[in-house]
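S.K.: Annotations per TrEMBL:
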- 19-161: domain 'Lactate/malate dehydrogenase N-terminal' (DOMAIN)
- Gly24, Ala25, Ser26, Gly27, Gly28, Ile29, Gly30, Asp50, Asn110, Ile133, Ser134, Asn135, Met244: NAD(+) binding site (BINDING)
- Arg97, Arg103, Asn135, Arg169: substrate binding site (BINDING)
- 163-326: domain 'Lactate/malate dehydrogenase C-terminal' (DOMAIN)
- His193: active site, proton acceptor (ACT_SITE)
Amino acid sequence: AAAAALRRGLATTAQNNAKVAVLGASGGIGQPLSLLLKNSPLVSRLSLYDIAHTPGVAADLSHIETRANVKGFLGPEQLPECLKGCNVVVIPAGVPRKPGMTRDDLFNTNASIVATLTSACAKHCPEAMICIISNPVNSTIPITSEVFKKHGVYNPNRIFGVTTLDIVRANTFVAELKGLDPARVNVPVIGGHAGKTIIPLISQCTPKVDFPQDQLEKLTGRIQEAGTEVVKAKAGAGSATLSMAYAGARFVFSLVDAMNGKEGVIECAFVRSEETESPYFSTPLLLGKNGIEKNLGIGKISPFEEKMVAEAMSELKASIKKGEEFAKNFK
């Protein structure tokens, strides 16, 4: 009991001391994400980095009556200072999708941005948890891994592709169709984070739900193409930023809770994986003090879901290879 009390005491002090950096903090995702992080009692220091506007964003957020200490950092020369001592780094930096674009169309721009930023992370906070939002995630995670390998500080348990928005959307759409409270619905989404690599496991939904096959196919398609739904609705003004910020914050809070010793924290994320023939794959992960505690794998799935996994493989592997090739040639 004394040990448990001591652990609780430590947890309480640790709990409000997460030092989080947001790289790309002035952007469409970065600003609302930073607002949600500033609003959380879990965060004690919030370091905001971007190549424009960060002093203003930081000044604005610093007036909010929560204890997170906010600091803005501007331009490459201030990046090392921004990263020093951070436990968690979230990277939403990059260009958003426009109508008619796939996530892969963002590749060259965002690949360079991610390689540059993660290279700084490998140098200045090699132990931090790295959470990548920048698309195409199916390629930017392999890039991040290769960059960390180059610097000799690679730990696959600390690098996450944030796919939480797919889960959030699946929960919302299932709840709408079944008249449930979305906060109580949990649909694991596995695979990757683009088109048909997004595989919602409706068969594993809690509470249990049933759909006729035609409705199931339509629902699955909507979850896979939900990002495009937003891109179209915004008609050239960007992609999913507010829901992505919410999903990114949800993932970071889960991670910090787990780092503080909370037990049973499970989130899906796109990570280095032995679960399938694809070297990276998203599955439910048990999170802990050191990042991934245990990969919970795919579990029992329906024949419809098995077929989707099989059909996603070639696209997944191609996107991963593209990321790895890019990292090899990146100077």
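Glycine too: its Cβ is placed from the backbone N, Cα and C atoms.
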S.K.: For the substrate site given as Arg97, Arg103, Asn135, Arg169, which other residues of the same chain have their Cβ within 8 Å of the site's Cβ centre?
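M.R.: Residues close to the substrate site, other than Arg97, Arg103, Asn135, Arg169: Pro136, His193, Ala194, Gly227, Thr228, Val231, Ser239, Ala240.
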S.K.: I'd like to confirm something. Which of the recorded positions, Ser26, Gly28, Gly30, His193, Met244, has a Cα closest to the Cα of Asn135 (substrate binding site)?
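M.R.: Closest by Cα distance to Asn135 (substrate binding site) among the recorded positions Ser26, Gly28, Gly30, His193, Met244: His193.
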S.K.: How long is the line from the C-alpha of Gly24 (NAD(+) binding site) to the C-alpha of Arg97 (substrate binding site), rounded to the nearest angstrom?
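M.R.: Just about 16 Å between their Cα atoms.
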S.K.: Count the other Cβ atoms sitting within 10 Å of the Cβ of Gly28 (NAD(+) binding site), across every protein chain shown.
M.R.: 19
S.K.: Just jot down the residues in the same chain as Met244 (NAD(+) binding site), at least 6 apart in sequence, with C-beta under 8 A of its C-beta; none if empty.
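M.R.: Sequence-distant Cβ neighbours: Ile29, Leu33, Pro92, Ile133, Leu165.
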S.K.: Please report the distance from the Cα of Arg97 (substrate binding site) to the Cα of His193 (active site, proton acceptor), rounded to the nearest angstrom.
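M.R.: A Cα-Cα distance of 14 Å.
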S.K.: Restricting to the chain of Ser26 (NAD(+) binding site) and a gap of 6 or more, list residues whose Cβ falls under 8 Å of its Cβ, or answer none.
M.R.: Leu48, Asp50, Ala52, His53, Thr54, Gly56, Val57
S.K.: What count of other C-beta atoms do you get within 10 angstroms of the C-beta of the residue listed as 'active site, proton acceptor', across all chains shown?
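M.R.: Excluding its own Cβ, the residue listed as 'active site, proton acceptor' sees 27 Cβ atoms within 10 Å.
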